[in-house]
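The structure appears below as structure tokens.
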Amino acid sequence: MATVSIPANTTALLLDIEGTTTPITFVKDILFPYIKDHLEEHLSAHWEEDECKQDVHLLKKQVEEDLRLNRACAQHALDQSGHTDEEKAIREVVDNVLWQMASDRKTTALKQLQGHMWRAAYAAGRIKGEVYQDVVPSIRRWRRQGLKVYIYSSGSVEAQKLLFGYSVEGDVLDLFDGHFDTNIGAKVESKSYERIAERMGCLSEEIMFLTDITREAKAAEDAGVNVAVVVRPGNMELTEEERSHYNLITTFSQLEVMGRV
């Protein structure tokens, strides 16, 4: 694919993670299986600790919310109180978490527990954050050219920092000027990008957003943000209309800043 120009008025690049900086398989084949394989072990080891108790409390509150709203819920009781029934209580939590993951839910309770487990795994060297080989050199080049670089992902800010803090390239957190997650809004809503621009202290048209998801690209465009769609192995296939509408890149090295060396 040809070189794609970053408009000369751009002050910041906003990067998606999954399918953009990082193989889409990393979450599906590494992060999520780690939770499934080590969940019961994690709960058993930390059951009496405050952080684990808070995680379970949030899961229980989510169940109560689901019941109140008549949502389907595989597990209607999460009881952490009885020491004699600890094994049963842990099993209930495991069943609930696995059900949420199978249902592709994104609840705060689930993301918090996952984040705590991944934090321990990264710190212990069990997991290293994957990034494409073109990512770090390109970001370094953009920063030398005076651009700021931010992350916007559906994964929590903590999860983002773990991935880049314990990456295969080492700790590269210093390459980023800030992180955004869905606390600022959904990635498919244009208002989210307006809020991000406000938080950055710049105009929407001074931002370029890189993502592999065209619904996100459209939302960003609707907010006045410039967009390039990233085509990586395993990413969702694009329609002919999408291919003709968007600037496409297969590597960050294709992006060139107009008027800067």
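Placement of Cβ uses the backbone N, Cα and C atoms for every residue, glycine included.
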Ask   = Taking Asp181, Asp212 as the options, which does Swiss-Prot list with Asp16, Glu18 at the Mg(2+) site?
value = Asp212
Message = Ser153, Ser154 show up in Swiss-Prot as binding substrate; which entry in Lys128, Lys161, Lys187 does that record put in the same site?
response = Lys187
Ask   = Excluding Asp16, Glu18, Asp212, which residues of the same chain place their Cβ within 8 Å of the centroid of the Cβ atoms of the recorded Mg(2+) site?
value = Ile17, Gly19, Thr20, Thr21, Thr22, Ile24, Ser153, Thr211, Ile213, Glu216, Val230, Asn235
Query = Near Ser153 (substrate binding site), meaning Cα within 10 Å, which of Asp16, Glu18, Asp212 (binding-site residues)?
reply = Asp16, Glu18
Ask   = Applying the rule Cβ within 8 Å of the centroid of the Cβ atoms of Ser153, Ser154, Lys187, what extra residues of the same chain belong around the substrate site?
value = Asp16, Ile17, Glu18, Tyr152, Gly155, Asp181, Thr182, Glu216
Nonlocal neighbours by CB distance (under 8 Å) for Asp212 (Mg(2+) binding site), same chain, sequence gap 6 or more = Asp16, Glu18, Gly19, Thr20, Ile24, Val229, Val230, Val231, Arg232, Asn235, Met236
